């Protein structure tokens, strides 16, 4: 129990303190010590002076000789004075208690995360645990304002210097019961609860204690033993010498640390017995030592050892103070030096300004440009260094306010930002490159093979040169995306820009520097962005270059894409040659026919025909479906898309050569699946009333909470079912909703009340069991051909094949489009027959070339018919109509010539062509068959239409042989030179044809 001592007692005990201190002075301690001066100043204090009330103190009433003192000061006055009456202001620092501290043998355990609490000192802590806080408030109300404060141990295996304060506090809040007890140090401090404000609790240390056992877990309450210091001889010279050294060290620290001065001045005004225990506790409490070291001082009961530990701590604090003083001195010198330099610089600027030689900003700019150029200075070409030096000299002579100054500054900024001679390390590992290319794209064998050849040549030469490759093909086949994979395989930086619709030459070659807002061209911007001189540059949509009043960009691209010229590419803005010979250019185009021939001649064309059904299946399974499923957050076990549904999706919705539309359709499917899963999960919530729907032709029951209808045996019955826990109001609302819907149904579907009552109890219970099972699991979504239209709608494409067996006058041809290949029917019909009225009428939105092919076919067909049947005058006496279906689609090209002849001959001979036959080839007036293009696309179109026999020109044999085996599989292909061979194949005689 604490009690206020009388003023006479205080004065008597303090005289012992001062005499002890002066005795210390006689033993060698200097009298000018701030600590001793503070004690000397207390000799003449008037303890009845009202001005000194703020310096009240606490002392223990125990008689074991270890009663602590507490620094109070203004803070103690603020803390302890709260809640007292106005008539007790003179003793506002005195806390009335009804029991002595040593009487408390069971206390609440408070964990201290950072430092231990020493007797005689106060410490504010924050208690986040509501139970512990309530217990503290309750104990304070019961006139038992004491608790045990114990330092928290660090977690095993962690570095205490790394763990932040927030983490430590978080760990404290998570610890409970025995776990918290194991993390506490056994020796702590009995702390008086001075005040509680919200979560803040102010503690004042009283005496040392030790945990003996745990009483309760939440909040943690423990039994304690009060610890007493071991007996010692106050006249022991070693103890006295140690205490004097502590005081001497504290005096030295006071000279440099102002914060310590406040602690000492406050402590020196405590009234009580001045003893060695208090001196040791004081030194350990105010120094910034490690918490474990401070805990050692707290646990030490031997006064001599405690003083030695404190001496070590204050010595260390002294060294830290010296380091702090040296740091402060160095910083002060640096600041004073910088201030002096700043003043001199300002004076120099003022002098130069008066003389017209101001160069402050220009000097900084010059230094920045030189520092930026320094890493690549040895690699930079000499002519570029010369230009940079000239421009830097020019910059020094220009006025900062002139327009030419900004032009020169921007010019130097671009010149010094380019990676002159800086090349990235390339990958010459063919196997690694092959693996990277296969990871990102399926198929595209020609492109991958060409890149591997490029790597192989670079490995043998030891260095690689730039190339210009053009990937041509329909949209969505991966032309643009393969560029990034190539860059990753080669370990090159990647840069892409599109030239589609570009009509300004300055975008390629840059503007002249004299223009306002002038900028370099795309290639210079590319080099600055990537930071290397050998990137992979993807020029997209090169077949869509525009042309306007600002020039022809296609002509400007000639220098950029010419391997013989781009080693000295000249940008209009930089006006210095740039070496682009190490750059790998990859261009993309849908059709190469629109690319100017001089530009096309500089590029290596790699045609990407598109993907067949098998390739699309692999791409959909291995790439598109996996990526889309992850993007939608759907797990693999939640959905199954069958191969048949994917095949139907490809053939009926995504026939184009690319896979972009296929990706959109797969994304559409998974979006709807995601919505279905979310709705199913929401409908299965236990809090939702479920209404079962059982159809007569269905094997499953679906929940329809909106209508509340149950369909039994083809009739509709309304049953209101409420989940367990639902109230009567919800049930009545469901019944009202059921009655409302019932009035909207036809009369033949409404049962009478008697029929409704006839539903057996077993049926209702069965439905409830099914409903309960449905709420527990979410069914796996299966997408197959039967429900594919529910996800993607009705099929977009129907069978291109109009006839299973082509009638007379109808022949299937093969055509090439920008979207890939397609089958094309040629239909011929006789309008009228009259002698000498032979003519040919054309429809189907045919182009000029195709119209000419039709006239040639008519002429050749007449010649062949006359040769084979001299007495047949069908063409001379018949007016014919030749039509190509899909009249809304423009058609042009010479490759339908042989198909038109066959159609005319079929009509003239009244004989249909063979089943499952398709052909393509340009024909001459003499009947020769010339080569055509798009062999792969046309072959894919034939496979899609279940064609078994194809006729190609003999000159296209090499193109067909290069196709993959899975494209050629199952096809009977004939190569012909003359139309007579086609005639024999189409009308039954094929012994002279070449396969």
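The backbone N, Cα and C atoms fix where each Cβ goes, and this holds for glycine too.
Keep in mind it's a predicted model, so treat the numbers as computed, not measured.
Shown in sequence order, 813, 814, 815, 816, 920, 921, 922, 932, 933 are the residues of the chain, 6+ apart in sequence, with a C-beta less than 8 angstroms from the C-beta of residue 895 (active site). If you look up TrEMBL, you'll see 895 (among others) marked as active site.
The local packing around residue 938 (active site), expressed as other Cβ atoms within 10 Å of its Cβ over all shown chains, amounts to 29. Per TrEMBL, active site is recorded for 938 (among others).
Counted within 10 Å of its Cβ, the other Cβ atoms near residue 477 (ATP binding site) come to 27, all protein chains included. If you look up TrEMBL, you'll see 473, 474, 475, 476, 477, 478, 479, 480 marked as ATP binding site.
Under the heading domain 'Lon N-terminal', TrEMBL lists 107-318.
The domain 'Lon proteolytic' annotation in TrEMBL covers 805-989.
What TrEMBL records for 62-97 is region 'Disordered'.
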If you count, for each of the binding-site residues 473, 474, 475, 476, 478, the other Cβ atoms lying within 10 Å of its Cβ, which residue has the minimum?
475
ATP site shell beyond 473, 474, 475, 476, 477, 478, 479, 480, criterion: Cβ within 8 Å of Cβ centroid:
471, 588, 590, 608, 610, 657, 658, 660
At the level of the C-alpha atoms, what whole-angstrom distance separates residue 477 (ATP binding site) and residue 938 (active site)?
16
Among 479, 480 [binding-site residues], residue with fewest other Cβ within 10 Å:
480
About how far apart, in whole Å, are the alpha carbons (Cα) of residue 476 (ATP binding site) and residue 938 (active site)?
18
Taking only the Cα atoms, work out how far residue 478 (ATP binding site) lies from residue 938 (active site), in Å, as a whole number.
20
Would you kindly give the Cα-Cα distance separating residue 474 (ATP binding site) and residue 938 (active site), rounded to the nearest Å?
13
